[in-house]
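Shown next, in C-alpha cells, is the structure this report addresses.
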Amino acid sequence: MKGKGGDAGSRFPLSFWEVVAASTVVLGFVLGLLGVYLTMPASDYSFLKLPRTLEDLQILRDHLETYTSDYTAQVLVGYSVVYIFMQTFMIPGTVFMSLLAGALFGVFKGVALVVFTATAGASSCYFLSKLIGRPLVFSLWPDKLSFFQEQVARRRGGLLNYMLFLRLTPTLPNTFINVASPIVDVPYHIFFLATLIGLIPAAYVTVKAGIALGELQSIGDLYDFNSIATLFLIGAVSITPTLMSKSKS
C-alpha cells in the first residue's frame with residue numbers, strides 16, 4: 001500500500017516535511033498555553049499536570065476552583081487548549097478532563113465545554129491525519145482499518161447514521177475514528193455532525209459524574225451496565241433508518 005510517509009520498508013513512517021507539519025501544530029498549542037500562563041497571577045503552579053488518577057484530578061480540581069471564579073477566561077482557554085491538544089495527538093486521559101469540566105463548571109456548561117473541545121480536537125486530529133496520518137494508521141491498525149473501510153463503503157447512503165452509531169457506542173475507539181476517518185474517505189461534514197451530536201450522551205454521563213468527584217472509586221464506575229446499555233440503545237435508534245432503507249431496497 002502506498003503512503004506519503006515512504007515505502008513499507010521504512011523504519012520511520014513519516015517524512016521530514018510531515019514531521020515539520022506536526023511540529024508546527026505542537027508549537028501552536030504550546031504558544032497558546034504560554035499565553036494563558038503569562039496572564040495568570042504569580043503563584044505556585046506545581047499542581048498543574050495532566051491527571052492520570054482520580055487522586056491527581058481531585059488535587060487539580062481543589063486548586064483550580066479558586067482560579068476559576070477569578071480568572072474564568074484563562075481557565076477556559078487553558079482547559080480548551082489542553083483538551084484539544086490531547087485529542088489531536090491521541091494522548092490518553094481526556095476522560096479526566098471531562099470529569100474536571102463537571103467539577104469546575106457544572107452540568108450544562110461542562111457538557112457544552114466538553115462537546116466543543118472534543119469536537120474541535122477530533123476535527124484537528126482528522127485534518128492532521130489527512131495531512132500525515134496515512135502511514136501511521138496503516139502501520140498501527142491495518143486490520144481495524146480494513147474493517148472500517150469496508151463498513152464505510154457499504155453504508156455510503158446512510159453514512160451519517162453509521163458514524164453516529166460509532167460515536168454513541170464503544171464499537172470502535174473514538175481515537176481510532178478520529179485518525180482513520182479521513183483515510184477511508186469519510187467526508188468532514190459527516191464526521192463533524194456525527195461527532196458533535198454523538199458525543200453528547202457520553203459527555204453528559206462523565207460531566208455529571210465530575211460534580212460528585214469525591215464519590216468515584218474508579219473510572220470504571222462511570223460506565224456501568226445501565227450506562228453502556230443506554231448508549232447502545234441510542235446507537236441502535238440512530239442506525240435504524242439505514243437498516244430500514246436497506247430492507248426496503
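Glycine residues also receive a Cβ, built from the backbone N, Cα and C atoms like all the rest.
Because TrEMBL annotations are produced automatically, they should be read as predictions rather than curated entries.
Here is what TrEMBL says about this protein:
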{"type": "TRANSMEM", "residues": "20-40", "note": "transmembrane segment"}
{"type": "TRANSMEM", "residues": "81-105", "note": "transmembrane segment"}
{"type": "DOMAIN", "residues": "91-210", "note": "domain 'VTT'"}
{"type": "TRANSMEM", "residues": "111-129", "note": "transmembrane segment"}
{"type": "TRANSMEM", "residues": "164-184", "note": "transmembrane segment"}
{"type": "TRANSMEM", "residues": "190-213", "note": "transmembrane segment"}
{"type": "TRANSMEM", "residues": "225-244", "note": "transmembrane segment"}
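Residues of the same chain lying 6 or more positions beyond the ends of the transmembrane segment (81-105) and with a Cβ under 8 Å from any Cβ of it are 25-26, 29, 32-33, 36, 50-52, 54, 56-57, 60-61, 64-65, 68, 75, 111, 113-114, 117-118, 120-122, 124-125, 128, 175, 178-179, 203, 206-211, 213, 216, 219, 222. Outside the transmembrane segment (111-129) by six or more residues, the chain places 21-22, 25, 76, 79-80, 83-90, 94, 97-98, 101, 105, 136-137, 174-175, 177-183, 188, 191-192, 195-196, 199-200, 203-204, 206-207 with a CB less than 8 A from a CB of the stretch. Within the chain carrying the transmembrane segment (190-213), a Cβ under 8 angstroms from the stretch's Cβ atoms is held by residues 54, 57-58, 61, 95, 98-103, 106-107, 110-111, 114-115, 118-119, 122-123, 126, 159-160, 163-164, 166-168, 174, 181-182, 221-223, 227, 230-231, 234, 238, all 6 or more beyond its ends.
For the domain 'VTT' (91-210), the DSSP-based tally of helix, strand and coil residues reads 101 helix, 0 strand, 19 coil. For the domain 'VTT' (91-210), the model's average pLDDT works out to 92.
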